[in-house]
Amino acid sequence: MANSSSQHMVCGSVTFRDVAVDFSQEEWACLDATQKVLYRNIMLETYSNLVAVVGRCIPKPDLIVLLEPEKEPWMAVKKETGRPSQGLETGFEAENRSPKNHVYNKKLPKQTIQQLSKTSDVQGVSVSNGPGYSVIKEPQNYQEGDANRNITNKKEMSTYTSKTLAHNKEKPYKCKDCGKCFGCKSNLHQHESIHTGEKPYECKDCGKTFRLPQMLSRHQKSHSDERPFECNICGKSFHLPTLLQYHKNIHTGLKPFECEECGKSFKSFNRISTLFQHRTIHAGMKPYKCNVCGKAFNRRSNLLQHQKIHSEDRPFHCKVCGKAFTVLAQLTRHENIHTEDKSFECKQCGKIFSNGSYLLRHYDTHTNEKPFECNICGKAFRLHLYLSEHQKTHTDEKPFKCKLCESAFRRKYQLSEHQRIHTDGKPYQCKDCWEFFRRRSNFIEHQSIHTGKKPFECKDCGKVFRLNIHLIRHQRFHSDEKPFECKECGKAFHFSSQLNNHKTSHTGQTPFECKECGKSFKRVSSLVEHRIIHSGVKPYKCNACGRAFNRRSNLMQHEKIHSDERPFECKDCGKAFTVLAQLTRHQTIHNGKKSYECEQCGSAFRLPYQLTQHQRIHYDVKPFQCKECGRAFVRSTGLRIHERIHTGEKPFQCKECGEAFQYHYQFLGHFRIHTGKNPYECSECGKYFTYGRDLKVHQSIHNLEKP
């Protein structure tokens with residue numbers, strides 16, 4: 001019973017104008033017909049809910065009077081403050097200011113009194129404190145007639161509405177493009193900038209331009225360190241009071257506004273527009289379309305953020321590492337890496353987070369609530385997105401279709417990877433290698449590969465680089481600066497990416513799982529590269545032999561086979577290698593260590609992959625089969641070498657005489673004819689041989705001669 005009465009008191013302090021969303025005439029004109037219908041439904045539903053709380057009919061606010069006959073909501077007269085006229089205050093609001101229903105002379109929790117003192121504009125009241133509660137005393141000059149003075153009957157409402165319509169006709173300034181009228185010439189000028197695209201107000205710090213001066217003022221606060229609005233719970237400060245209010249909802253966890261479609265709830269009265277925007281997801285509305293790539297969004301803010309992908313504008317720079325971002329929120333999240341600021345604590349388990357959204361996501365692990373259930377197999381999910389993704393496994397539905405070749409895919413990322421073949425959405429093409437790029441900045445950076453220009457030189461060692469970011473990274477190796485330290489073992493790193501990779505060695509976690517095969521990875525970049533295997537896309541092709549690869553790194557490693565460059569030399573035997581990993585594997589021959597032992601037969605191996613391949617012999621596993629003749633192999637390399645018999649491919653060509661070979665060892669043996677090098681020496685007689693097998697045959701002669 002006590003809970004019910006406290007709930008009634010909270011409702012009693014809420015007015016319709018606290019929860020109503022207002023549109024100006026200009027803003028209302030930007031909505032399409034579907035959005036206007038959705039807005040009307042939400043406002044009428046909100047008013048009905050308030051009437052249900054009171055339990056009887058109350059005089060209607062002016063906004064509802066206009067919405068019911070489907071008139072324009074901006075016709076409601078407002079004062080300069082943007083609030084409805086005092087004469088149109090709702091009966092609900094006035095009723096709850098009467099001594100019978102108001103909070104005066106009632107015992108309330110102290111927390112409620114503190115909240116009321118912040119939001120109420122009632123003056124002349126006194127508060128008396130008791131054990132666990134407080135009482136607001138009625139002001140001496142308060143009279144019951146004052147509460148009912150603002151109630152408006154239907155006759156007054158009708159008179160007022162007709163005056164409102166007459167007032168709106170007095171708008172002499174008309175827009176030549178769309179015909180809208182304005183009562184003030186300055187409002188017309190501001191409106192015309194929408195059609196012209198003119199943005200005369202420029203930020204002196206980053207050069208960004210805006211249509212209106214208030215937009216510029218709001219933006220400039222992001223450059224200054226001034227954050228006057230501080231959270232009294234965690235101490236975090238903000239540029240704007242609205243940001244502080246949104247932030248406080250994270251600590252309270254209040255989400256009173258619930259979506260009837262999916263049950264998702266939203267935080268506060270001030271953010272009812274979030275519910276309004278969320279409902280457009282269920283309605284399937286995506287009115288905001290990108291002019292560059294055609295992608296559509298249900299929110300204008302999402303479109304604006306997306307459009308920055310196509311531009312080169314990254315005005316927000318990290319002062320610690322120099323990394324640049326398109327959005328201020330991305331920079332703010334990134335800065336938490338350097339500061340390790342974790343202000344958001346879970347009250348259930350004490351775990352702390354650097355971002356409020358991470359804390360909200362973490363809350364779901366305690367509730368274990370999975371409201372979205374699959375009607376086919378009964379599996380439940382936390383988010384509707386996960387359910388939609390799961391349901392695709394039960395059907396053959398492939399909704400993501402390629403417009404150029406009619407290939408269809410179950411998931412969006414598969415289509416994106418496939419579209420690389422057609423170079424869709426990459427307007428910048430390199431004339432030297434025909435590679436396509438989405439951004440002009442990436443295209444310019446790529447061209448320096450062909451020109452060989454390396455304008456950025458290191459003052460310490462003289463090494464030159466193509467890009468400035470490469471120079472900045474390199475210079476950290478000369479300095480002892482390692483700002484990213486592991487809290488577990490104290491090891492420090494030059495880059496945050498190195499620290500993140502290192503942290504997985506302590507946890508052993510592989511959180512990024514492939515939905516196709518179930519394989520998991522430590523890093524999301526590894527998962528992205530792995531997904532290309534399932535899509536079958538091999539966009540990186542060797543110009544020398546035509547072989548294709550699904551990773552650029554594999555192509556670069558392969559191209560070293562065609563060149564004579566072997567920079568990694570073994571100090572024990574002088575053998576040289578194209579890749580450092582090959583040298584590392586080779587050096588295990590000299591140290592003699594065979595750490596990986598087979599449990600079946602006791603055979604020991606130097607490298608783990610050798611043990612894995614050996615174990616296939618015991619299980620008679622040969623997963624790599626030739627499509628031409630059906631022959632199977634233990635290793636993929638064995639299959640690739642075998643396929644050259646069918647294709648006739650000879651990738652190893654001698655630059656001296658032009659002769660080509662199928663196998664690398666044949667090419668090396670032939671190349672020694674031109675160089676005159678015979679690296680295999682007999683320890684008995686000192687004779688040299690071109691091939692290792694010739695040395696073995698020769699040594700058998702000495703073995704026969706020995707008694």
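Note: Cβ is positioned from N, Cα and C throughout, glycine not excepted.
As annotated by Swiss-Prot, domain 'KRAB' applies to 14-86. Here Swiss-Prot flags 173-195, 201-223, 257-282, 288-310, 316-338, 344-366, 400-422, 484-506, 540-562, 596-618, 624-646, 652-674 (among others) as zinc finger, drawing on sequence analysis.
Residues of the same chain lying 6 or more positions beyond the ends of the zinc finger (652-674) and with a Cβ under 8 Å from any Cβ of it are 544, 561-562, 564, 641, 644-645, 690-691.
Under 8 Å from some Cβ of the zinc finger (596-618) lie the Cβ atoms of residues 585, 588-589, 634-635, all in the same chain and six or more residues away from its ends. Among residues of the same chain six or more beyond the zinc finger (201-223), those with a C-beta under 8 A of the stretch's C-beta atoms are 190, 193-194, 239-240, 313, 315-316, 328. Taking DSSP states H, G and I as helix and E and B as strand, the zinc finger (540-562) has 11 helix, 4 strand, 8 coil.
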